[in-house]
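Chemist: Would you mind keeping the following structure in view while I ask a few things?
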């Protein structure tokens, strides 16, 4: 039977519940347990697909095409279990399901209320998510409850967790509470009062935490841990210090050294083998001892909030691990390029344009792409970054001066990039879209097979056909492909059913390393294995730096 660990947060948001949950999962997996994770989001949106990256950060896409919270990306990077739609759900989905049941008459005329109907539905979603784990029936399901204790939005989720713990019985569920212990510089000490109040708030709901994870900018002294233990009624050895680290991949070892996994296993009456965290130690060793160094410019419009590109940043870090190269990322606002030109790019070893939506900043990105192409600087374009690379090539090489995307200019006569109106989803079902379709849940989503053209750089990089994850509604227009290919551009991968361009590149006679992909390879990169495309990109950046005579 699956045991459950509920992870809650207190005092403030953004303390790192997702990293803490993923790190615990990694330790338990290293002990031979089958583990899955779920994220419960208390916002009313059905999913984060239409939410602003400035508010929500990155939208992580699962293999089966769900637009989910970025924490699911952390889950997949820390453990081997793949996430699915059922691993993330929101208040919006819960209420949508309950209202649909009420309309069908499932409640037989009863008054539908938060308790028991909403809380029962939350429990059903949790158990369904755990049961659908790709690892088979999990030994442990770690359930991260979004938001902060005390938020009105989180109350139904916390109540559902309390009820579920009671229903499952002793040693079947436990609670881990992540809280802030701030350092007050003027007083010169850590303050435990916010944590005391946070635990008190949790106890008012009827939840008694078994473990406290205390976030601080430094290790919490024993005296403060004793005080927290006394006031929160949590054993002293279960008051665990989680201080700031320069790499999230150090957190599993940090938590294991303080006995978190031992406490959880004892509480859940599990007796797995000892933990083997040698892989994490090796990763940290590689991170801290690189042999080379490169600087890559990421040109986008969400650069003030790097959470918008979380998986991409991590994929570059994974590539650094597997190439022994420290990757420094410079975030460059594409609108500043529109105003000030491309001088800010001239010291870079490579340029990357990530995915995105909307017209704002696109001409700055196109200017950056033109600079990379003409200056022979390695270039990687992802999703929108590929589309803009095709537009730049069409304008400046092929001579289609009005080339554009219908996303930015619906009336452009040279629709080099246009809306996909029909495609097959990963289950073989035909999907159709028009300009009038809803924004939410209407993109080409999830993992799709990409056959690669023999003799291309793409084949050198991947070595075989691949399955990559997608999130887009616009695509390179096949009507212009003959003109683009006549100019030298190579379409190096296409979808097997609809013949949609999936990868483009320039031949080495035109450029040493210039690649665009319609999919999002960052979603499948892990610290264990890296990703061949990002490894090749970092190697190209290193070669460019060395070719310029700069010490790498």
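Just so it is clear, glycine is given a Cβ too, placed from its N, Cα and C backbone atoms.
Straight from Swiss-Prot, here's the annotation block:
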type: ACT_SITE; residues: 520; note: active site
type: ACT_SITE; residues: 522; note: active site
type: BINDING; residues: 13, 191, 192, 193, 194, 195, 196, 227; note: UTP binding site
type: BINDING; residues: 14, 15, 16, 17, 18, 19, 71; note: ATP binding site
type: BINDING; residues: 71, 144; note: Mg(2+) binding site
type: BINDING; residues: 356, 384, 385, 386, 387, 407, 473; note: L-glutamine binding site
type: DOMAIN; residues: 295-547; note: domain 'Glutamine amidotransferase type-1'
type: REGION; residues: 1-270; note: region 'Amidoligase domain'
Chemist: According to DSSP, folded down to helix, strand and coil, what is residue 520 (active site)?
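Modeler: DSSP assigns residue 520 (active site) to coil.
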Chemist: What three-state secondary structure does DSSP assign to residue 387 (L-glutamine binding site)?
Modeler: helix
Chemist: Residue 195 (UTP binding site) to residue 386 (L-glutamine binding site): how many Å between their Cα atoms?
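Modeler: Distance between the two Cα atoms comes out at 47 Å.
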Chemist: Given residue 144 (Mg(2+) binding site) and residue 18 (ATP binding site), what distance in Å do their CA atoms have, once rounded to a whole number?
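Modeler: Roughly 7 Å, rounded to the nearest whole number.
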Chemist: What does DSSP assign residue 71 (ATP binding site), in three states?
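Modeler: Reduced to three states, the DSSP call for residue 71 (ATP binding site) is helix.
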Chemist: What same-chain residues, at least 6 away in sequence, bring their CB to under 8 Å of the CB of residue 385 (L-glutamine binding site)?
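Modeler: Sequence-distant Cβ neighbours: 352, 353, 354, 355, 365, 369, 516.
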Chemist: Looking at L-glutamine and its recorded binding residues 356, 384, 385, 386, 387, 407, 473, figure out the farthest C-alpha pair and report it in angstrom, whole number.
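Modeler: The L-glutamine-binding residues span at most 14 Å between Cα atoms.
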Chemist: Could you tell me the C-alpha distance between residue 13 (UTP binding site) and residue 19 (ATP binding site) in angstrom, no decimals?
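Modeler: For residue 13 (UTP binding site) versus residue 19 (ATP binding site), the Cα atoms are 13 Å apart.
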Chemist: Among all the protein chains here, how many other CB atoms are within 10 A of the CB of residue 195 (UTP binding site)?
Modeler: 28
Chemist: What Cα-Cα separation, expressed in whole Å, is found between residue 386 (L-glutamine binding site) and residue 14 (ATP binding site)?
Modeler: 32
Chemist: How far is it from residue 520 (active site) to residue 384 (L-glutamine binding site), counting Cα to Cα, in Å?
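Modeler: Distance between the two Cα atoms comes out at 10 Å.
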